[in-house]
Amino acid sequence: MTSNDKDYFQLRKEIVVKVFLHVAFIVLVVFAIINFFYETYAIALFDFLAALIAFYTIEVFKDEKTFHLSINVSSFNIFVFFLLYIIFNGNNDNGLFWVMFVPIFLIPLNGYKKGTVISIIFYMIAFIIAYFGIGKWQNGEWNFHSYMRFVISSSILLYVTYINELAITKANLLLYKKDKENKRYLAKLKKLADLDGLTKIYNRRKVSDLLENKFNEAKRYNEKFCVAIIDIDFFKKVNDTYGHNFGDDVLVEFTHIIKSSIRQTDIFGRWGGEEFLLVMFYTDIENAYKKCNKIREVIEESQIKGKKITCSIGVACYEESIKSTTELISRADKALYKAKEIGRNRVEKY
């Protein structure tokens, strides 16, 4: 999965993990140095070990496959570090202030459900430790009133963080769904823009683009391919005699018959009016002629809207001397004109 393909939720988690790990590493190193000079060696050692874990996680995080491992290690590091911090430091220098930031990291890292559960477990343990510190921490200044302030403020912050993450998740999930719907809608519009409104096959613009691509490919790799212009014989007479609605039905059924007679890899589209263009890949002129003659026979043998309909086909194949698709189409058009001139209901090759 490339960075362009990642959904918002994973991208956001990655940003949170990266920020936390780098900030944690720097802060822990600074605290380790400070505690060392203050001769609180146990806390300094603990800070140093936590910094090493953060550094290790940064290195692990560079491999995208270990993304979830990085989240778990980061969460574990936060959980254990702050619990040990409470045990060793109590509320000296108002240290419990830092503990209240735990859910701000745990919930975005793990999602609003899992992160909240982990945060609640953390606080339950932290509250028990803090309760037993009443009358002991800060030379006895840590009292029940201080304890309740810590419990209430931590609980409020946990709740606010949960609500915030829930709102962000729901809002972005809605945006994600809307984005997917818009992409589907745009894809549908693009597809409709490529199709002929009546016959539901490629329109002239799309066929021209595909033919141009194939022409350039054939020129580069010296591949064989042929084009055929298929024209319904006396279609104007059909329209004048039976009406345009009948003529439209003939075009639709004519299209279905040809589609069932060609390969899925061939390109078939409406060229304009009663004319259709067929692009046949990896085919020489003789095989293209045989294929088109078979199509002509199938049309002749079919009853379209209860009427006998025939078609004329002009075939031309790519050669190195041909400079453009316009020249190739012109050759097929000349072959079609010849088929009509001779008497229609036939295939002619250039």
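Glycine too: its Cβ is placed from the backbone N, Cα and C atoms.
Fair warning: this is a prediction, and the values are worked out from it, not measured in the lab.
Per TrEMBL, the feature domain 'GGDEF' maps to 223-350.
Per TrEMBL, transmembrane segment is recorded for 15-34 (among others).
Summarising the annotation, TrEMBL assigns transmembrane segment to 40-57 (among others).
Summarising the annotation, TrEMBL assigns transmembrane segment to 69-88 (among others). Residues 13, 17, 20-21, 24, 42-43, 46, 50, 53-54, 56-57, 60-61, 95-96, 98-99, 102, 105-106, 109-110, 118, 122, 125-126, 129-130 of the same chain sit 6 or more residues outside the transmembrane segment (69-88) yet have a Cβ under 8 Å from a Cβ within it.
Here TrEMBL flags 94-112 (among others) as transmembrane segment.
Under the heading transmembrane segment, TrEMBL lists 117-134 (among others).
Residues 91, 96, 99-100, 103-104, 107-108, 111-112, 115-116, 119-120, 123, 126-127, 130-131, 133-134 of the same chain sit 6 or more residues outside the transmembrane segment (146-168) yet have a Cβ under 8 Å from a Cβ within it. According to TrEMBL, the feature transmembrane segment maps to 146-168 (among others).
The domain 'GGDEF' (223-350): residue composition by secondary structure is 59 helix, 35 strand, 34 coil, according to DSSP.
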